[in-house]
Amino acid sequence: MLLKTSRRTFLKGLTLSGVAGSLGVWSFNARSSLSLPVAASLQGTQFDLTIGETAVNITGSERQAKTINGGLPGPVLRWKEGDTITLKVKNRLNEQTSIHWHGIILPANMDGVPGLSFMGIEPDDTYVYTFKVKQNGTYWYHSHSGLQEQEGVYGAIIIDAREPEPFAYDREHVVMLSDWTDENPHSLLKKLKKQSDYYNFNKPTVGSFFRDVNTRGLSATIADRKMWAEMKMNPTDLADVSGYTYTYLMNGQAPLKNWTGLFRPGEKIRLRFINGSAMTYFDIRIPGLKMTVVAADGQYVNPVTVDEFRIAVAETYDVIVEPQGEAYTIFAQSMDRTGYARGTLATREGLSAAVPPLDPRPLLTMEDMGMGGMGHDMAGMDHSQMGGMDNSGEMMSMDGADLPDSGTSSAPMDHSSMAGMDHSRMAGMPGMQSHPASETDNPLVDMQAMSVSPKLNDPGIGLRNNGRKVLTYADLKSRFEDPDGREPGRTIELHLTGHMEKFAWSFNGIKFSDAAPVLLKYGERLRITLINDTMMTHPIHLHGMWSDLEDENGNFMVRKHTIDVPPGTKRSYRVTADALGRWAYHCHLLYHMEMGMFREVRVEE
């Protein structure tokens, strides 16, 4: 099934993306045979942006995308550190819209989150954003209304530094990755609510069972399958939405359109990678080239040279490469190995290099999920407590409207859950993770990780021991000391929770509509600790303030705006509450945010 899915994804590239890049920051593909709208690169201090609908053809079927200035992605916005900029955003849709400036430090009323920052932009209205640019680097912008981000409302931001940068380069290219579906995103979400593994076509088979028996033995294989079955989970379910429906894009172009970035041999090329996907993690490499990482989430880091790196949804990485040949493939495979985005660095248009095959499909283990050594205990627990619970989820969409009832699947389901087991004895055991009372007997929580750690030096599932040097969070060190300098005065611990079968997501098992705001005192320095009690990886984003990631010993390590939290991990970061107002705090997997993994953070004097 993997080969069929991959081939299908690859063949989608035979048709053209509805939009091409500009001749400025994007490189136009000279082999395009359609007249395509161009996403311009805009720079200065005054910007006019219009959000509307544009016909696109990415897979061979014409669809209506929601676009900014007619482009997918929208225009690259180039600002200068220290400038005050004004952006007039006109809404030509027949629904409310918005733009959030991801990772940008600005006043709360300029942040672009309807219901928190402002009331949103109604049809035919214009909203004027204006703020001073206080940083430099690579960032991006996107809609924060409904599921519009999935439909095309996103683009790149480049902020030129006021002072000389600590590295040299001769040329740059933005490489913006995204995922596109021809389906209506609301229909896609309904399918996930009815059957959370609807898009997972890589489930274990009889053949894989016998392969596991050969490598692990019969008893271990049966015990492993039994545990997964009792938990109503699947070790291949790494991404809720896969290449079965997604086409993976690089600067708006499908794989066979071969987006091309030009260079001259011997030049140092800065590649500004942005993951603007709704749901997809990418593993990126350029066969034949080393990549030197020089910035993460727009902030300078000590240079580290790697062969490959994983980019979580909403993260950005800047790398320097020094190509000497004629053509190199930029290969970005999805974490679940169901497809890829692809482009080329070349000395002229029309060149291409070999495209590597997808890596083998990875499988989650109990250890990955923080369940190491607990398998036999879980296999014998009582899973019956939640069988009669309501499957509606009662979730609220982020624009405040009740989601329609998604119904139930055609087959009756046993809502088994590890959250129903007795953890009272485990809480006092050495190394065992405690959990908030709100998770106990909770119909929105189907598992609890019991043995967690930061895992900062772990490249991640599917990247371990692959023969390549892979970037880890432990490699990332800011080129500056802790900008605040104070030790955190308190710690807020939050658990990332979910119920896979119901496709319900939350913090501490409390859905957004029922959750009280997280209150911060203006000026305080605090620590936020995140514990992942799910089998999914979550990129967590706090608006308006930096997230200063700590190492295992509680020391400042690297400044980011999005923190990746894999299964079975416990990661801490420091926050300075220096921005008054109401701020969004959420998982940046779009459908997880929509289904409840969202909180309001309120900074008050």
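Numbering starts at 1 and runs along the chain as displayed.
Here the Cβ of each residue, glycine as well, is placed from N, Cα and C on the backbone.
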Of HIS495, HIS499, HIS538, residue recorded by Swiss-Prot at the Cu cation 4 site of CYS587, HIS592, MET597: HIS538
HIS543, HIS586 bind Cu cation 3 per Swiss-Prot; candidate in HIS142, HIS144 listed for that same site: HIS144
Residue from HIS144, HIS543, HIS586 whose C-alpha is spatially nearest that of HIS100 (Cu cation 1 binding site), among the binding-site residues: HIS144
Three-state secondary structure, which DSSP defines for HIS142 (Cu cation 2 binding site): strand
Residues flanking the Cu cation 2 site, with Cβ no more than 8 Å from the Cβ centroid of HIS102, HIS142, HIS588 and excluding those residues themselves: HIS100, TRP140, TYR141, HIS144, GLU149, TYR154, GLY276, VAL313, ALA314, HIS541
Tertiary neighbours of HIS541 (Cu cation 1 binding site) (same chain, Cβ under 8 Å, six or more apart): HIS102, ALA314, HIS561, THR562, ILE563, ALA584, TYR585, HIS586, CYS587, HIS588
Count of other CB atoms lying within 10 Å of the CB belonging to HIS102 (Cu cation 2 binding site): 26
Fewest-neighbour residue among binding-site residues, criterion Cβ within 10 Å, set HIS100, HIS142, HIS543: HIS100
Cβ within 8 Å of the mean position of the Cβ atoms of HIS144, HIS543, HIS586: remaining residues of the chain near Cu cation 3: HIS100, ASP111, VAL113, LEU116, HIS541, TRP583, ALA584, TYR585, MET593, PHE598
